[in-house]
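Novice: Okay, handing you the structure first.
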Amino acid sequence: LPLLLKATLLRLASGSYRPFYNGFYYNHIMNDNGDGQDKDYFSGAKLVVETSKDAVYSYSGANVTLPCHYRYEPDMGPKRKIRIKWSKLRDDYTKEQDVMVAIGKTYMAFGDFKGRAHIHQASRHEASLVISDVRLKDDGKYRCEVIDGLEDESDVVDLRLQGIVFPYQPPRGQYRLNFHEAEQVCQDQGAILANFNQLFQAWSEGLDWCNAGWLSDGTVQYPIRLPRKPCGGVHLAPGIRSYGPRHRHLHRFDAFCFSSALKGEVFYLDRLAGMTLEEAKQSCQDAGAEIARVGQLYSAWKFLGLDRCSAGWLADGSVRYPIATPRANCGPAEPGVRSFGFP
């Protein structure tokens with residue numbers, strides 16, 4: 001029985017889930033005998049973990065710090081050797097992706113975060129996470145977990161990328177993409193499939209689009225600002241219309257892609273006689289650049305104010321132009337990226 005009880009306690013201490021809490025607080029002490037005979041004793045102190053209550057904003061290619069601090073009530077004095085674990089959560093909290101773990105100055109990052117994540121400990125009881133070269137899929141919720149023996153406390157911080165959601169339709173026409181194809185076409189355009197929070201933010205900023213598109217969670221939705229008959233009916237309030245989860249292989253829709261702010265610049269190359277798509281690609285290479293993708297054009301329009309009334313080729317074979325200041329002979333009366341489709 002003592003051996004069984006000890007094994008259970010050790011498993012609880014090393015597990016990623018919260019151990020049973022009975023109103024008391026314990027510290028885990030490792031002895032120096034090297035025989036694994038560690039001890040847990042009652043300390044009477046409560047472990048508290050706190051992160052930022054406000055979302056932390058960043059953009060693609062930047063470095064960002066997700067704040068996290070912990071303390072003991074009452075104060076335990078000098079800093080103790082504890083375990084810090086950072087995880088990335090799904091929107092529904094049903095699954096976690098390991099980001100990194102650290103004990104003292106020793107740490108290990110996992111998956112896509114290898115070489116990009118480390119713990120920032122500039123002050124006592126700090127456990128902040130630094131992510132360098134932020135990527136589009138880093139957007140989301142992160143859990144900061146501090147483990148001290150049998151104590152295991154955590155808090156969540158939200159990382160949001162400054163970006164733009166744009167609807168995408170392939171050259172083959174409307175509703176031709178299953179979920180996996182939608183993921184790929186967004187990547188091809190320098191973007192990723194948008195999540196619901198990103199689509200909701202775009203809707204609140206004015207996005208109105210009647211074609212249904214895939215989101216990153218496998219649902220199909222579309223944003224409506226002006227209710228009308230073909231878009232759910234005139235009697236429904238404005239909002240995000242949803243078809244719910246669809247079959248990721250069989251069902252076909254458009255895609256809502258998300259792109260962040262640019263590290264580079266989108267610029268125009270003019271030729272009086274015009275260019276074919278292949279000539280445009282070669283001209284960009286000759287200029288030491290590459291032909292822009294759709295997500296890059298949207299980012300340049302939103303974040304850099306790119307405004308040009310002349311249409312130009314993009315990498316996918318579409319022809320578009322960005323208008324920040326609407327004017328005569330440049331399309332509708334509101335700002336946006338205009339499209340001539342796929343000539």
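Using N, Cα and C of the backbone, Cβ positions are placed for all residues, glycine too.
Among the features that TrEMBL reports, disulfide bond is placed at C210-C231, C309-C330. The feature domain 'Ig-like' is assigned by TrEMBL to 45-157. Sequence annotations record features per position, and here TrEMBL assigns domain 'Link' to 164-259, 265-343.
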Novice: So how many other Cβ atoms are close to C210 (disulfide bond), meaning within 10 Å of its Cβ?
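Specialist: Other Cβ atoms within 10 Å of C210 (disulfide bond): 14.
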Novice: Out of C231, C309, C330, give me whichever of these disulfide-bonded residues has the highest number of other Cβ atoms within 10 Å.
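Specialist: Output for this query is C231.
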Novice: Any idea what the model's mean pLDDT is for the domain 'Link' (265-343)?
Specialist: 95
Novice: By DSSP assignment, list the helix, strand and coil residue numbers for the domain 'Link' (164-259), in that order.
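Specialist: Looking at the domain 'Link' (164-259) with DSSP, the answer is 22 helix, 30 strand, 44 coil.
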Novice: Between C231 (disulfide bond) and C330 (disulfide bond), how many Å separate their Cα atoms?
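Specialist: That comes out at 26 Å between the alpha carbons.
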Novice: Distance between C330 (disulfide bond) and C210 (disulfide bond) at the Cα atoms, whole Å?
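Specialist: Between the alpha carbons of C330 (disulfide bond) and C210 (disulfide bond) there are 22 Å.
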Novice: To the nearest Å, how far is the Cα of C210 (disulfide bond) from the Cα of C309 (disulfide bond)?
Specialist: 25
